[in-house]
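Here is what TrEMBL says about this protein:
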- 18-117: domain 'Nucleoplasmin core' (DOMAIN)
- 120-132: compositional bias 'Acidic residues' (COMPBIAS)
- 120-250: region 'Disordered' (REGION)
- 161-188: compositional bias 'Acidic residues' (COMPBIAS)
- 189-201: compositional bias 'Basic and acidic residues' (COMPBIAS)
- 203-222: compositional bias 'Polar residues' (COMPBIAS)
- 223-235: compositional bias 'Basic and acidic residues' (COMPBIAS)
- 245-293: domain 'Nucleophosmin C-terminal' (DOMAIN)
Amino acid sequence: MEDSMDMDMSPLRPQNYLFGCELKADKDYHFKVDNDENEHQLSLRTVSLGAGAKDELHIVEAEAMNYEGSPIKVTLATLKMSVQPTVSLGGFEITPPVVLRLKCGSGPVHISGQHLVAVEEDAESEDEEEEDVKLLSISGKRSAPGSGSKVPQKKVKLAADEDDDEDDDDDDDDEDDDDDDFDDEEAEEKAPVKKSVRDTPAKNAQKSNQNGKDSKPSTPRTKGQESFKKQEKTPKTPKGPSSVEDIKAKMQASIEKGGSLPKVEAKFINYVKNCFRMTDQEAIQDLWQWRKSL
């Protein structure tokens, strides 16, 4: 009893075979299967008129058994050379026995498809596959020490962090490209003044040390320090908003130097507010219209 249950529950492996036949007015096609334990299906794909077929109506009919075991006839395709020389059935599956015939017309008509056979797998092949799976699982467990698995994870994490940093840098660069031009100009204007003030005490100290004199600051150094202290004490007057013409002139100069202006209105408004401290909406709109005209 158990052996019969094992045979019934054994898995089936489908196999596909090419199928084709030719029908004529006096030539039917009978598809039969010998008595065997495998399941068979006939999957019809296309029905087409052959070379030399007349321009007349061709009707292709199939005869098989229905669910109750009674014979049933079905029209598969209606063909005509000048109107519809071929029909796609898209996998019309029929259980044999099947009779294909040309009910109307002289032909020839060609039918193509697949012969599907469900073959039972051998028990020996299943045992071999199970043994292979067990061997693979055992070898996988032996070759997976705890220390070895940590290194790839760290590498993956480092690679992922680097990718995230690169993506963030790219996004920041895209947003800040438009603001860098005028920031660089302001930095270049301010840098020489600070550099000259800072370099004066250092140069005077080097001269005094070279001459072997006392390390007390000389008169020029005290003047530099006093001027530097005065500059620190005197608060910088905040810059007021530039006029529209001045802003246009600066933007035009930046473009001539190879710079670029934001192309999106929202970014352009933020750019004008941050770089030129402009808050007048009418003036900003005027600048935006001027930007679009470039």
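Think of each number as a place in line: the chain as shown, counted from 1.
Quick reminder: no glycine exception, Cβ is built from N, Cα and C everywhere.
Remember, TrEMBL labels are computer predictions, not curated facts.
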Completion exercise
Residues in the domain 'Nucleophosmin C-terminal' (245-293) per DSSP class, helix first, strand next, coil last, are 36 helix, 0 strand, 13 coil
Handout entry: Number of helical, extended and coil residues in the domain 'Nucleoplasmin core' (18-117), per DSSP
Key = 0 helix, 66 strand, 34 coil
